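Database features (Swiss-Prot):
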ACT_SITE  Asp45  active site, proton acceptor
BINDING   Asp45, Gly46, Asn122, Glu123, Arg149, Asp151, Ala186  NAD(+) binding site
Amino acid sequence: MRYTILSKGDSKSNALKHKMINHMKDFHMVEDAVNPEIVISVGGDGTLLQAFHQYSHMLSQVAFVGVHTGHLGFYADWLPHEVEKLIIEINNSEFQVIEYPLLEIIVRYNDNGYETRYLALNEATMKTENGSTLVVDVGIRGKQFERFRGDGLCISTPSGSTAYNKALGGALIHPSLEAMQIAEIASINNRVFRTVGSPLVLPKHHTCLITPVNHDTILTTIDHVSLKHKNVNGIQFRVANEKVRFARFRPFPFWKRVHDSFIESEDGR
């Protein structure tokens, strides 16, 4: 089994990473950061997001596992005291692969049809560069839906629906549903300006094209990465053809993750 381990970088996570590497040597596992079969993140959800983006070019070949050393690990199945058990499972078991939908983002520019493509595990957001009101036309399946005015828009995956989207009042969507969700960030609604005012859930075969109105520069976030785009013609969102693969060695249902993360964990916290 070829593996690689990405650490959050703090002393606790680094120590755990080195401990795991030493244990894996006992099982003759091969550390391979270029062509791994399994990618283990040690830290929190942010560390797993970094691991996802580092290996997003080979998603069909790798499976991810999270060991969380922080306060909240929605994507992390394993705790520090369980790493020896995890290593034994990796060595001895044919692990189950769980696939989650991803978000495809295509930024189109006014420069000769140039465009860039991104993938998000959690969400993407759109805002203005200087914090002024974002004014955009929102199109769904090639038809004008609304003109949005507000602080911004958040477009999330089902697994990402528990992150920024939840804070915006969006719905929690089970990752077995191939969909994306559009949530408003502080929209302007009055007698003059009007938006739908509710999150929208779009199925896989629907695309959403968001076109800036009188904005030269758009600030986006793709998960944890902030990007500035100039001369934007439009940004298209849809459910990606690719999926992220998680290695499961024991059951950890989505709704149990939600319960443990937001209501009460098993240790009563």
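Any Cβ shown, glycine's included, is placed from N, Cα and C.
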Fewest other C-beta atoms within 10 angstroms of its own C-beta: which of the binding-site residues Glu123, Asp151 fits that?
Asp151
Those recorded positions listed as Asp45, Gly46, Asn122, Ala186, and which of them has the most Cβ atoms within 10 Å of its own Cβ:
Asn122
Cα separation, Asp45 (active site, proton acceptor) to Ala186 (NAD(+) binding site) (Å, whole number):
26
Can you give me the Cα-Cα distance between Asp45 (active site, proton acceptor) and Asn122 (NAD(+) binding site) in Å, rounded to a whole number?
10
Structural state of Asn122 (NAD(+) binding site), classified by DSSP into three states:
coil
Tally every other Cβ atom lying within 10 Å of the Cβ atom of Arg149 (NAD(+) binding site).
20
Between all pairs in Asp45, Gly46, Asn122, Glu123, Arg149, Asp151, Ala186 (listed as NAD(+) binders), what's the biggest Cα distance, rounded to the nearest Å?
31
